[in-house]
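Per TrEMBL, these features apply:
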TRANSMEM  31-56  transmembrane segment
TRANSMEM  68-88  transmembrane segment
TRANSMEM  152-171  transmembrane segment
TRANSMEM  177-198  transmembrane segment
TRANSMEM  210-232  transmembrane segment
TRANSMEM  244-264  transmembrane segment
């Protein structure tokens, strides 16, 4: 009974089945809203950081109490709901529309490559819309970083802006590959935010960079799926929204470059510091001997 109720509200509800991406009916669906929101996000983050630099002494942080833990729990639940919703909706969509494309594609190929002429309507695009809206919620974590660490991390700003822009393109151009991308992303986000909540309430953390490894898995899966889309586009007669996909690939490449640059600076830099400290201690020991 509970299972059937969940299936109904996550994939069979009339508002999900009859959803249609529209600039008139869908909130936040216009280009002006997207660009204005991203510009406001970047500007407001810079202003908050500047305010802290001017009015609060260096080294002092703003206490946030249980807010980051509550936020992490909320985002973990939101990501889990979107993951469950698009998983169930994808299964229902494949079952109902397979007659149309089954001669040319397998279900997995459909996940990577929508047939030409696909419109942004129905179950799958409802959850794609929910994912797009959730990208604005992800932006709030930037303010926690600014308030707690007194840092304006350029990678975080650019990454959130690009991912919000990409999720808008998925809907605007009915882009192929978005179903798998959302499934992978929401699964990884639910794990990451669940882990952040776990550590925020004082429970033991992993003995390795857990969040970093999850982000590497996410980027690796995205690269593999992009290769799959490109292959199917040339072998199966074309994928819907391929123009937006090319632009999306450039943005993904930018994220990959920024991530690798951030990783080198943050982790390899720390490793070099540890090695230098160890060498200095060894030299001191030699001098004492």
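Here the Cβ of each residue, glycine as well, is placed from N, Cα and C on the backbone.
Bear in mind that the values here come from a model prediction, so they are computed numbers and not experimental data.
Taking every recorded stretch in 31-56, 68-88, 177-198, 244-264 and counting its Cβ pairs under 8 Å to the transmembrane segment (210-232), the highest total belongs to 177-198. In terms of C-beta pairs under 8 Å, the stretch of 31-56, 177-198, 244-264 lying closest in packing to the transmembrane segment (152-171) is 244-264. For the transmembrane segment (177-198), the residues of the chain that approach it from at least six positions outside its boundaries are 68-69, 72-73, 75-77, 79-80, 82-83, 86-87, 90, 111-113, 124, 127-128, 131, 170, 205-206, 210-211, 214-215, 217-218, 221-222, 225-226, 228-229, 239, 245, judged by C-beta separation under 8 angstroms.
Tertiary proximity for the transmembrane segment (31-56) is limited to same-chain residues at least six positions away from its ends with a CB under 8 Å from its CB atoms, namely 62, 136, 139, 142-143, 146-147, 150-152, 157, 160-161, 164-165, 168.
Only residues 6 or more beyond the boundaries of the transmembrane segment (244-264), in the same chain, are considered here, and those with a CB under 8 A from a CB of the stretch are 153-155, 158-159, 162-163, 165-166, 169-170, 172-173, 175-177, 212, 215, 219, 222-223, 226, 229, 233.
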